[in-house]
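Here is the structure we will look at.
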Amino acid sequence: MAIFLAVSVYWAGRMWTGLSWPERFLAGAMLCAASFVLAISLREMLYWISGSASYMVPALFVIIILVELVRSAANETVLSTGQIVVLSAIGFLGALANEFTPFWIVALVAGSALYRAFYHPRPQLAGHAAMLTATFIGLAILLLSPGNAVRMAAYPEGGKIAASFSMGLYYLWLELVRHYTESATWAWLGFVALFSVFVVPSQPRPAARLLVLIVGLVAAVLAGLYTAYVIAYFATAEDLATRGRNEVVVFLLAGGGCAVALAARFLPSLGHHAHVRMTALVACGLLSFLLLDSVALGYVRAEESQFATFWSESVQRHQFLRTTKDLDVVVPKRSVKPSMLMDGELTKNPGQLPNDCVGEFYGKRSVVLGD
């Protein structure tokens, strides 16, 4: 959570110039909070290592690449050699995480290269080629790994190419409808608009070509998301997994925030008036209350009374498995099962997931759930 907040604050500091640290923190905290409350599964976003490591870490990589490329293109600045090296490394690592993140990175980098080739005084196409090459190398390693073949074999219904394109569009549409009917989404976009016009210091009036960048950015984000749903259906014949949809939420929020911030440059900035600036900061803070009306926080409020019991029973179960000398272990049932913190439980079959993994971790021959 702290890393997510730090990257969100970094995003704010790079998206807008001339902000104080408290202002950066406010904007970053708003992005972070919006991501949490709009999460499809907060448990998989924050508490489950398979969800956070393979999907939320690359989401942070995407945020960094996104804001650096948008900033450089919009402000007509040059990416330093160090920045290109770091972005290439991030692209490589992000491509190793899952099957669709590399395509998001490719969409952003290729879109940036195309825009700069026509409108930027320093296109830096060689630097963009380096970023693309690093990303494709990471993708190749991911696709050729033995584990990927095992995972694909677990979904025999997958592999339908034609259906993947139509179902990918269908699932993307459902995701966009869900996302843009949430009050938290509009609270975030409203925050960005207010912040850009009334808080951010005045900037030179942009040229009309900035509209091309905005349209291209939106197109790159949508193309990347569509690719994610196509790949998911091709691989599994199902919708994108919940943990993957969490990453989609972050990409939508960061990408939408960049687009709104760029569009706000066409409006006259009032950030140079101190009283207007302070009033706007208060208004931006008040918008955060709209985040309270969310499904994720609803689950937290409904289940928070179970959290302490769940933690206590988890500690007791860990101590029992760690200290017992029996090789065949029967674990007591839980008295509470908050969905915010767990999605499954041990079974009576020692050879079935997750029993076999738990047994292997604690060095037991078998671990089963008691009556």
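Positions of Cβ are set from backbone N, Cα and C atoms, glycine also.
The stretch that TrEMBL tags with transmembrane segment, taken from the ranges 77-96, 97-116, is 77-96.
Looking up the ranges 158-174, 328-344 in TrEMBL, the one annotated as transmembrane segment turns out to be 158-174. Recorded stretches compared: 48-70, 125-146, 158-174, 248-267; the one with the most Cβ pairs under 8 Å to the transmembrane segment (77-96) is 125-146. Sequence-remote contacts of a segment are chain residues at least 6 beyond its ends whose Cβ falls under 8 Å from one of its Cβ atoms, and for the transmembrane segment (25-42) they are 1, 4-6, 8-13, 15-16, 19, 51, 179, 182, 184-185, 187-188, 191-192, 195, 242-243, 245-246, 249-250, 253-254, 257, 281, 284-285, 287-288, 291-292, 294, 296-297, 299-300, 340, 343. Within the same chain, the transmembrane segment (248-267) packs against the transmembrane segment (210-236): three or more Cβ pairs sit under 8 Å, each pair at least 6 residues apart.
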